[in-house]
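Listed in Swiss-Prot:
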type: TRANSMEM; residues: 3-23; note: transmembrane segment
type: TRANSMEM; residues: 38-58; note: transmembrane segment
type: DOMAIN; residues: 219-246; note: domain 'PLD phosphodiesterase 1'
type: ACT_SITE; residues: His224; note: active site
type: ACT_SITE; residues: Lys226; note: active site
type: ACT_SITE; residues: Asp231; note: active site
type: DOMAIN; residues: 399-426; note: domain 'PLD phosphodiesterase 2'
type: ACT_SITE; residues: His404; note: active site
type: ACT_SITE; residues: Lys406; note: active site
type: ACT_SITE; residues: Asp411; note: active site
Amino acid sequence: MDIFYNLIKCLIFSTYWLLIANITFRVLIKRRNIPYSMSWLLTIYIIPFIGISIWFFFGELYLGKRQKKIANRIWSISNKWLHELKSCTYIFQIKNSEVATSIFQLCKNRQGLHGIKSKKIKLLTNTKKIMQILIRDIYLARKNIEMVFYIWKPGGMADDVAIALIDSAKRGIHCRLMLDSAGSIEFFQSPWVEIMRKSGIQVVEALKVNLLRVFLRRVDVRQHRKIILIDNYIAYSGSMNLVDPYLFKKSSEIGQWIDLMTRIEGPIATTMGIIYSCDWEIETGLKILPQLPNKKMLENQSNKNASIQVIASGPGFLKNMIHQALLTAIYSAKRELIITTPYLVPSEDLLEAICTAAQRGVEVSIIIPLYNDSILVKWASRVFFSELLEAGVKIFQFQKGLLHSKSILVDQQLSLIGTVNLDMRSLWLNFEITLVIDDSDFGRNLFCIQNKYISDSQLIDKKAWSMRAYWKRILEKIFYFLSPLL
């Protein structure tokens, strides 16, 4: 009996140290920043059994075996389609403003495409109005409607959109709906799934959460994009999930979610369509390449000087592209930089870029919500305040709800709008999308919106912040240690 007991104990001990050695090796061979690597190593050594479990859930960036195989071959096939798109020279805007030149060169060199022209481009800030415009566009659709969202929560205005989709599918419009499994769990547990499928809508549950497969696929890689495509001509993207803001997370008592969406008419829908096609193929194995744009798309063009790039991230997409674009945009600022983000846990490079911008004379403002739905992110964000304030950055805390908008405005000319939060999950893990827009009219509109956010915010006083309670500083340091893992 003692021999058997000692054998089991020896086996457990050996397995434990083999796991520790394996994880240590995996962390060290990855070219990640030092704080990220140190956080993981300290986690598995200080809280070993829990740390090992956390690693298998969240440590490696990988998809399921079938999805990974599809993702690896996606761009080789899509590149053929992109080569055909390049022949449509009439959709490209070759010239850019001075402040946007660097980021558009980055996009051109890495993605292979110049900026895209647009017929109309509009910023939308009122969720009720956004839903009304969207429902109108759905009913006016002639060929196809494609959507992807992180969260679709049944109830209120979201049900109105669902009914519009069902009615459109019944009249012969080809409708595809892709929703993240974790974010839209309430939707997939509701009758809407069956109702939609019976009407002819193709509904796909993206990145299915399956606890039996946690050792085969990372569970916190999420489909975080928000895209709506109609007739290969109208495109929506931004921070808004398909939820009624008057009903969403009311119990959290943080107030209404404040979002920002962009509605664009023109060939940019084609570029966003190839991203949707890749996502759809990863989930279903089926390729649905969009049609090439025609010249009629740009007739009566109202934004003749506007240029747009679309940047996508996630497994199978260009590595570090969004992170590089953010850095390039920040370093391009000469006069003013305004950043709006609900979650502020930047990488060391982004933190350095923001501080450097302020130190070279750029007026830098960061707008974040005073109230947050994530206690972890709330405290992790606070640890960066001192360094930012010391560099001369103005930090505004929005008081009228959860500011969920994600935007960057450089010199009132270059705008970045999309789904990316300034945290590790958005920058390195999730499927995200960012629109890069070079247009002074659009920039002025975004500037007005951001100024409205600022007027509804309180400015953090540098002196008062330096006198905050000692226990708060301790909590901040604890969450700073965890920040690379968030």
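From the backbone N, Cα and C atoms, a Cβ is placed for every residue, glycine too.
Here the structure is a predicted model, which means the values were calculated and not measured.
What Swiss-Prot annotates, mapped onto the structure for a quick look.
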| residue | record | DSSP (3 states) |
| --- | --- | --- |
| His224 | active site | coil |
| Asp231 | active site | coil |
| His404 | active site | coil |
| Asp411 | active site | coil |
Next item on the list: Consider the active-site residues Asp231, Lys406, Asp411 and say which one has the Cα lying nearest the Cα of His224 (active site).
Entry: Lys406
Check: Which one of these active-site residues, Asp231, Asp411, has the sparsest Cβ neighbourhood, judged by other Cβ atoms within 10 angstroms?
Finding: Asp231
Next item on the list: Check the Cα-Cα distances from His404 (active site) to the active-site residues Lys226, Asp231, Asp411 and tell me which is shortest.
Entry: Lys226
Item checked: Lys406 (active site) CB neighbourhood, other CB atoms within 10 A -> 24
Item checked: Chain-internal residues, separated by at least six, CB under 8 A from Lys226 (active site) -> Val148, Phe149, Tyr150, Tyr236, Ser237, Gly238, Ser239, Met240, Asn241, Met261, Thr419, Ile433
Note to self: For a quick check of packing: other C-beta atoms within 10 Å of the C-beta of His404 (active site), how many?
What the structure shows: 23
Item checked: Mean predicted confidence [pLDDT] for the domain 'PLD phosphodiesterase 1' (219-246) -> 93
Notebook entry, point to check: Looking only at Cβ atoms, how many others are within 10 Å of the one on His224 (active site)?
Noted result: 25
